[in-house]
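Asks: Quick one: the structure is below, and I'll ask about it shortly.
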Amino acid sequence: MVTHVLAIDQGTTSSRAILFRADTSIAAIAQQEFPQHFPASGWVEHEPEDIWTSTVATCREAMNKAGVTPKDIAAIGITNQRETTVVWDRATGQAMHRAVVWQDRRTADICARLKAEGHEPAISAKTGLIVDPYFSGTKIAWILDSVPGARARASRGDLLFGTVDCYLLWRLTGGKVHATDATNASRTLLFDIHTGQWDEELLKILRVPRAMLPEVKDSSAHFGDSVADLFGAPISIRGIAGDQQAAVVGQACFAPGMIKSTYGTGCFALLNTGATPVASKNKLLTTIAYQLNGKRTYALEGSIFVAGSAVQWLRDGLGLIKQASETGPLADRSDATQSVYLVPAFVGMGAPYWNPNVRGALFGLTRNTGPAELAHAALESVCYQTFDLWAAMRADWPDAAAAHTVLRVDGGMTASDWTMQRLADLLDAPVDRPVIQETTALGAAYLAGLSAGVYPEPSKFADNWRLERRFKPAMSAATRTRKLKGWAAAVRGVLASDGGEGR
C-alpha cells in the first residue's frame with residue numbers, strides 16, 4: 001500500500017531526506033553534512049559528487065529507518081538550495097567545475113560590467129531580480145569563461161546547466177530527464193517570470209547558450225522516475241521547488257498577504273502577492289512562489305545571506321560554543337548595559353542593501369565584551385536583518401495595513417526561543433512557529449503528493465497547518481526604537497566602508 005512521500009531537502013551544508021506519511025506526520029529523517037570549499041575570499045563551492053552521494057545515502061537511510069520500500073512511496077519531492085550552479089557533460093555526467101554556491105561573490109565584476117553597460121533595467125523588468133552575484137546567470141558565464149573549452153562545448157550542446165534540483169533529477173533518472181520547475185528557473189537571471197519562458201534577450205546579455213538549459217515545468221508534475229538500482233525499484237518524482245518557495249507551500253501561505261521567513265544558513269522572507277507580480281521599490285526581489293496547473297503565483301522576497309551561519313561562525317570560527325543550542329542560553333547571560341552590534345556581511349549584504357563588496361563588522365565593543373555579548377549580537381543580527389525585510393515589504397505591499405500582521409517562521413534557528421522572542425519584540429508583531437517545523441521538506445512532499453493524489457488541494461491542505469507557539473511582542477517602544485537606531489547606524493558604518501550605501 002502506498003503510504004508515504006519522500007522529500008529530498010538538499011541544503012547548503014547538508015543533504016536531508018524526510019519521509020512523510022499520508023497525514024503529513026514524519027516517519028523518518030536522515031541527514032548528512034558534506035564539505036564546504038572556500039578557495040578565495042568570497043568564493044564558496046561544493047563538489048557535485050558530494051551533493052549526489054549524500055542525497056542518495058540519506059534517502060536510503062530514511063527508508064531503512066522507517067522500514068519502507070519503494071512500493072510504499074507514492075512519490076519523491078525535491079527541494080534545494082537555490083541559485084547554486086552546476087555545469088556538466090551531457091554524455092558522461094562529469095561536472096566541469098565544482099558547483100558555484102549561491103553565497104559565492106566571485107562574479108561581482110561581471111555584475112558591475114552588466115550594470116555599466118545599462119542592462120540592469122531590462123534584466124530586472126523581466127526577471128524580477130537585480131544584477132547580483134547571488135543568481136545563477138553570471139555563475140554560468142563565469143564557468144564557461146574559466147574552464148578551457150567549456151564555452152565552445154556548451155555552444156555545441158555538449159554541456160548542461162542545472163540548479164541543484166535539476167542536477168539531482170538528471171542523476172536520479174539516469175540522465176534521462178533534464179528539467180527544473182518555475183521557482184528554480186526564476187532564480188537564474190535568464191527566465192522571464194511574466195511569460196514563464198527562457199528569454200532570448202537575457203541569454204544573449206549573459207552569453208549563455210540555449211542548448212544548456214533545462215525544460216521548465218510546474219512545481220507539481222511528473223518529472224520522471226528514479227532508476228531502479230538506486231532504491232530497489234523506480235520511484236516517481238513529482239514535485240520540485242526551491243527551498244524558500246517550498247517553505248511557502250509547507251507553511252500553507254497560499255493567500256495573498258501571507259508571509260513566511262525561513263532561518264537556515266541564510267534567512268529568506270517571502271510575501272505571497274497572488275497572481276500579480278509586484279515590482280519592489282525597496283530593493284526586494286519579485287519571484288515565483290509556485291506554479292500549479294500552468295498558473296504562476298508570485299511573491300516579494302527578501303534575502304539575507306547570513307543567519308544560521310553566524311552561529312556556525314561562533315562555533316567554528318571563534319570556538320565560543322560547541323553546538324548551536326548553547327547560543328540562546330549564552331546570549332541570555334549577556335550584560336544588558338552593553339550595545340554590541342554584529343553586521344554579519346561575511347559575503348556581502350543582501351536585501352535591501354545589495355552590496356557584494358562590504359564585509360562584516362562588530363560595533364560597540366568594550367573591555368567587558370565577552371562570549372555572551374557576542375552570542376547576543378549574533379542572534380540579534382538575524383532579527384535586525386529580518387526587520388529590514390519586514391519594513392521593506394510593508395512599504396511595497398499595496399495593502400500594507402491588511403498584510404502580514406503575523407510572521408510564520410521555520411528552519412533550524414526557530415528552535416531558539418530566545419531568538420524568536422527577540423524577533424517578535426523587534427518586529428512588534430506576533431511570530432508563529434508551527435508544529436511541523438520541517439516546512440521546506442513538507443512543501444516538497446506536498447507538491448509531490450499533490451501530483452500523486454496523496455494530498456488534497458491547497459485550501460484543504462492549509463486547514464492542516466497547526467501552531468506550536470506564538471511569540472508576542474514584549475519590548476517597550478522606547479527600547480525597540482533605541483535598538484533599531486543602533487542597528488541602522490551599524491549598517492551605515494559597514495556600507496560606508498565600501499564608499500557607498502549599497503547598490
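Every residue gets a Cβ built from N, Cα and C, even glycine.
According to Swiss-Prot, the protein has these features:
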BINDING   Thr12, Thr13, Ser14, Thr265, Gly308, Gln312, Gly412  ATP binding site
BINDING   Thr12, Arg82, Glu83, Tyr134, Asp243  sn-glycerol 3-phosphate binding site
BINDING   Thr12, Arg16, Thr265, Gly308, Gly412  ADP binding site
BINDING   Arg82, Glu83, Tyr134, Asp243, Gln244  glycerol binding site
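On this model, are these features tucked inside or out on the surface, and what's nearby?
Replies: In sequence order, Tyr263, Gly264, Gly308, Ala324 are the residues near Gly412 (ATP binding site), counting only same-chain partners six or more apart with C-beta under 8 A. Under DSSP, Gly412 (ATP binding site) is assigned to a helix (H, G or I) in the three-state scheme.
In the three-state DSSP reading, Asp243 (sn-glycerol 3-phosphate binding site) counts as helix.
Listed in sequence order, Gly11, Thr12, Thr13, Gln103, Val306, Ala307, Gly308, Ser309, Gln312 are the same-chain residues six or more apart from Thr265 (ATP binding site) with CB atoms under 8 A from its CB.
Secondary structure from DSSP puts Tyr134 (sn-glycerol 3-phosphate binding site) in coil.
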Asks: Find, among the binding-site residues listed as Thr12, Thr13, Gln244, Gln312, the one whose Cβ has the highest number of other Cβ atoms within 10 Å in the structure shown.
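Replies: Ranked by Cβ atoms within 10 Å, first place goes to Gln244.
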Asks: Looking at Cβ-Cβ distances, which residues of the chain lie under 8 angstroms from Tyr134 (sn-glycerol 3-phosphate binding site) while being 6 or more apart from it?
Replies: Glu83, Trp102, Gln103, Ser303, Phe305, Gly350
Asks: How big is the Cα-to-Cα gap, in Å, between Arg16 (ADP binding site) and Asp243 (sn-glycerol 3-phosphate binding site)?
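Replies: Distance (Cα to Cα, whole Å): 12 Å.
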Asks: Taking 8 Å from the centroid of the Cβ atoms of Arg82, Glu83, Tyr134, Asp243, Gln244 as the cut-off, which other residues in that chain fall inside it around the glycerol site?
Replies: Gln81, Thr84, Trp102, Arg187, Gly242, Phe268, Ser303
Asks: Neighbours of the sn-glycerol 3-phosphate site Thr12, Arg82, Glu83, Tyr134, Asp243: Cβ within 8 Å of the Cβ centroid, same chain, sequence order.
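Replies: Close Cβ neighbours, site residues excluded: Asn80, Gln81, Thr84, Val101, Trp102, Gln103, Arg187, Gly242, Gln244, Gly266.
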Asks: Can you tell me how far the Cα of Asp243 (sn-glycerol 3-phosphate binding site) sits from the Cα of Ser14 (ATP binding site), in Å?
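Replies: With the alpha carbons as reference points, the distance is 13 Å.
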